[in-house]
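Here's what Swiss-Prot has on this protein:
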type: SIGNAL; residues: 1-22; note: signal peptide
type: BINDING; residues: 49, 149, 194, 195, 339, 413, 460, 467, 468, 476; note: beta-D-glucoside binding site
type: ACT_SITE; residues: 195; note: active site, proton donor
type: DISULFID; residues: 214-223; note: disulfide bond
type: CARBOHYD; residues: 227; note: N-linked glycosylation site
type: ACT_SITE; residues: 413; note: active site, nucleophile
type: CARBOHYD; residues: 450; note: N-linked glycosylation site
């Protein structure tokens, strides 16, 4: 390590310590009343991760059922039962009410509602989502509904290779129509798709997510088929066209009478330069264009970012004039799932390679903490990659404010994970999570005061759930779930008690005595 690097790291550590001290003092008096009156606080989950009942009442497999049953998640975990919300939704809604949230972010399982992906609607699936939505509303909780959250119907995957085919756009629009028609009288906040800027990379470049398509030498896992140099861009294009098609349908057919809002939800890593070398600064900006701008640029300006057009070339699909017009401003809000900052450096040599995937086109290199080796998780994944970097949230929101016309933003996911109690018991003490959430809620308020148009914040997650590749090794829940119990017993963690107190008017960072009992934190 060079002396300059040592000095740089020492400066970063000192600045971080000073920032933490300042944060503790400035946030002490913050309460919910400091946020705009209509600001929404909530918590979330998604269908495959929380529902269970994977083969009950007419539901058919999604690509995540196929993937997890093939053993690709840690410990061979699946979402077959998970937290069993399908059978316990009334209990869960009562917990949400007790916590005092304004809203619950949920998703609909396409293969539960329309088991074959198109055609007949499953009456039992329709009944379940009607019951859940009605239960939420009867307890004063707004349903914020995602139409597609990774769980694509396996039937359509088998029929035409799923999202890789343009046929997906028509089928998704028809599925969205069923959702709007049956639930839109009560659902006023719709997200079309969740994290469409990560599914193409994980599923069609690296092969670590379903449907496991990739090509040598880019796949993290070996894949039977795919093309990592082209398919991620095709899939992202189809997701964007499907989103805009569903938005057009909603606006033309439903919005005037139902009075709801519609958008989509992006993953919002923030890319930061690893050094202040101009090439590294440019690399971070380029990576933010490839990550956030991949969707925001078409939504705000009608086409992909110029740097993507330049670097990807003919492999990047083009919009027709009609498609560009439809994509442009096809949102009332944009959701962001934000957790961490990632540091990158330039690697312009990648642009000289004859074969390039997404990372090659971005021409950056980075050492993601979750690519460390010699750990217990598959694919080099570790549990410590979500360190607290609230400054990154502020930078991301400022970026949206300055570059993308300051859209209405809903922070749809933000949270911290812990591992299960090694003794086999239930982990109640999760003060690290409370601290993490306090940091990010304060950062959200600071961004609002700086002019960002943030209108909601949702903790990920309401309950412990099936965390995809991590299975049940990572627990994000405000409420824990005893997965060893057939009843999937819920239990309140310290963070749930703190969040409830804050939502009832308590201070963001209460004194220990306040948390011990009495007042807003008495639950």
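In case you wondered, yes, glycine gets a Cβ from its N, Cα and C as well.
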Cα distance (Å, whole number) from residue 227 (N-linked glycosylation site) to residue 413 (active site, nucleophile): 31
Residue 468 (beta-D-glucoside binding site) versus recorded positions 195, 214, 227, 450 - nearest by Cα: 195
List of residues, in chain order, with Cβ under 8 A from that of residue 194 (beta-D-glucoside binding site) and at least 6 apart: 46, 107, 146, 148, 149, 150, 264, 265, 337, 412
Among 49, 227, 450, the one of these recorded positions whose Cβ has the fewest neighbouring Cβ atoms within 10 Å: 450
Least surrounded among the disulfide-bonded residues, given as 214, 223, when other CB atoms within 10 Å are counted: 223
Reduced DSSP assignment, residue 49 (beta-D-glucoside binding site): helix
Spatially closest candidate among 214, 227, 450, 460, the listed recorded positions, to residue 195 (active site, proton donor) (Cα to Cα): 460
Distance in Å spanning the most remote Cα pair of 49, 149, 194, 195, 339, 413, 460, 467, 468, 476, given for beta-D-glucoside: 18
Conformational class of residue 195 (active site, proton donor) under the three-state DSSP mapping: coil
C-alpha spacing of residue 49 (beta-D-glucoside binding site) relative to residue 450 (N-linked glycosylation site), in angstrom: 35
